[in-house]
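Enquirer: One structure, pasted below without further comment.
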Amino acid sequence: MFDLSKFLPVITPLMIDTAKTLCPYCGVGCGLEAVPPAQPGRATVRDREGTPIWQIRGDRQHPSSQGMVCVKGATVAESVSKSRLKYPMFRASLDDPFTEISWDEALDRLCDRIQQTQADYGKDGICFYGSGQFQTEDYYIAQKLVKGCLGTNNFDTNSRLCMSSAVSAYSLCLGSDGPPACYEDLDLADCLLIVGSNTAECHPILFNRYRKRHKQGGTNLIVVDPRCTPTAEVADLHLALKPGSDVALLNGLGWLLYQMGYVKKDFIANQTEGFEDWLAIIEDYPPQRTAELTGLAVAELVRAADLIASAQRWLSLWSMGVNQSIQGTAKATSLINLHLLTRQIGLPGCGPFSLTGQPNAMGGRETGGLAHLLPGYRKVIDPQHRADVETIWGLPMGSISPQPGRTAWQMIEGLEQGAVGFLWVAATNPAVSLPDVKRAQAALKRSPFTVLQDAYHPTETTTYAHLLLPAAQWSEKTGTMTNSERRVTLCQAFRQPPGEARADWQIFAEVGRRLGFAFDYTDAAAVFAEYVQVTAGRLCDLSGLSHELLAQAGPQQWPFPAGAEPTTESKRLYTKHHFAYADGRARFQPFHHLGVAEPPDDRYPLVLTVGRLYGHWHTQTRTGRIDKINKLHPSAFVEIHPRDADRYNISEGQAVVIRSRRGEGCFPAKVTTAISPGVLFVPMHWGALWGDRTEANALTHPAACPISGEPELKACAVQIEAASSTFTI
């Protein structure tokens, strides 16, 4: 055993001094230090309403962020006391007002409804929809309750909307989920290819780290995006491709790299399978055809290939622009194929690196937090995987269903079909974030019984809930989170939760106990201690970690098997090029270009894409309550190219109506060359609480990748026309 005494002392659960924690927003996973409102010799720090607030600063000792922090992280403490749900509330009908009730009554009603639903609908009449905002302990207890004890795999999360295509792609190509690269590779790469990610706004601290080096020279940046985002503005090469043409582009780059001879033949022969199949596919993507499919110039394609081929080490980053597509898995595997072609994986400065959107989406993947997964990167369809988990959980063989559960959108379809009788939503806001949101809202309204477990009240989803459960949130509960580079951080509680709010895992465990199962955990550390044993021997082995070790030694990357020594050095996967398939070989996974599910036509001639802004987060449940961020981004808008603005007689700031086959919205126009002709952009953060007719997802459709189940939120066909009033942007 290693000696923990050389590390920092254990941090107590409730702090009277500076506390170390993790930012609860994006997947970069920045370390934060929270300073109490009252300090000796200083006036108490208060917000505009006079409430004492903790001051937030970057943790310089955190290996992932090195003391940097963005506006969201810096202001997060301003949101924790506003509009909180403090007590359980119930109403028998959606037409009734909520009434405050006790926890005993709330849990009795919840458990009675679960049992009644099982009797009336069967086990699969129950659905649970969670979130990448969960801590790992929350995720794990939910999996044990739903998939183990209740016997249904109908547990999905909002990670289905952002990361499931990356999960599928890694699994297909490398044999398992898990990004092989780390943040240090940004410091080492000679060429960085960013596909479908506005990293500068959506993962700003990570981009700032690379940008410092990029300014010094010696590394080239290629950005693939239909918009000229702040990320693309500083690129050495911006490829403004047609929405949905990523597979064609990546296949075309493969054609060029192969013709240039940038092929590692020994590696391909000894460490991979499927190369000949890939070669047969990319033969259909010579430069001229690729240019036609993508809308790019042949010269741009050749330059991109030259920049990659001339790099000794090249790294790729991707995010929602790749994943949120009917070809999400195909796009990601097409990118991984290029790394296999060039042996740029498992080595410093290279690798295919997906950026998670949420702070613990990675932890959710490790714990099995999607409808087809089990803890430890296992799958419900694998008999041995089910048996492994049943044994660890002390359940009879056959307790876990072999049938993958309903994905997020399939839950909506289940409500429409009358097949779902009980829906439990936690830490997310599907009444804004799901595609075709008006249809989703209508389905939610049909739910016989919906539980909403959240820290805030109201949210847009409150409208569709019967039972509200108050949840403790960031700063109020202790637990762990895993960021995009597989680094696990202990997030210590340093504030008391308001009212009667409870940690999510405690709520799940109490429901399990009331239903007759053993959920006897003394604290979150005990939950984590059980969970990490489920990962022993798996690619995501965390069995050597504990809350105590993380508190004393600081954040650690996995794999971290039992007996491993703590370190701040970076870890990569597949360093010996032995991949997670049984034979140790990676797989080329080629696909043909298909385009978007809903291409533009005469009636709907434009393509709408949606995305994030720098300051806001998801549906504004937190950031909408922070003055500084609202001043930074006061309203929704639509970006339109000057050519299209002239065509439709639209001027800067004018109100416009955008319509799709599903709905419409009204936005002020922002006329800019940052968007490609024929394409519109609307930010996705505004729901009914924050604007009138500004829901981006009223326009989007639910067509999804057939492999990952991730909806194509990034492209739908729309029409636009000028309205009468004007706005100030």
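Even glycines carry a Cβ here, placed using N, Cα and C.
Straight from Swiss-Prot, here's the annotation block:
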| type | residues | note |
| --- | --- | --- |
| DOMAIN | 16-84 | domain '4Fe-4S Mo/W bis-MGD-type' |
| BINDING | CYS23, CYS26, CYS30, CYS70 | [4Fe-4S] cluster binding site |
Enquirer: Which are the residues of the chain, CYS23, CYS26, CYS30, CYS70 excluded, whose CB is within 8 A of where the CB atoms of the [4Fe-4S] cluster site average out, their centroid?
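Expert: Once CYS23, CYS26, CYS30, CYS70 are set aside, the remaining close residues are TYR25, VAL28, GLY29, SER65, VAL69, LYS72, GLY73, PRO204, ILE205, PRO359.
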Enquirer: Across the whole of the domain '4Fe-4S Mo/W bis-MGD-type' (16-84), what does the mean pLDDT come to? Round it, please.
Expert: 92
Enquirer: Secondary structure at CYS23 ([4Fe-4S] cluster binding site) (DSSP, helix/strand/coil)?
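Expert: It is coil.
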Enquirer: Let me know the most crowded of the binding-site residues, choosing from CYS23, CYS30, CYS70 and counting other Cβ atoms within 10 Å.
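Expert: Highest number of other Cβ atoms within 10 Å: CYS23.
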Enquirer: For the domain '4Fe-4S Mo/W bis-MGD-type' (16-84), how many residues does DSSP put in helix, in strand and in coil?
Expert: 9 helix, 16 strand, 44 coil
Enquirer: Which residues does CYS26 ([4Fe-4S] cluster binding site) neighbour through Cβ under 8 Å, counting only same-chain ones at least six apart?
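Expert: Result: LYS72, CYS202, HIS203, THR356, GLY357, GLN358, PRO359, TRP617.
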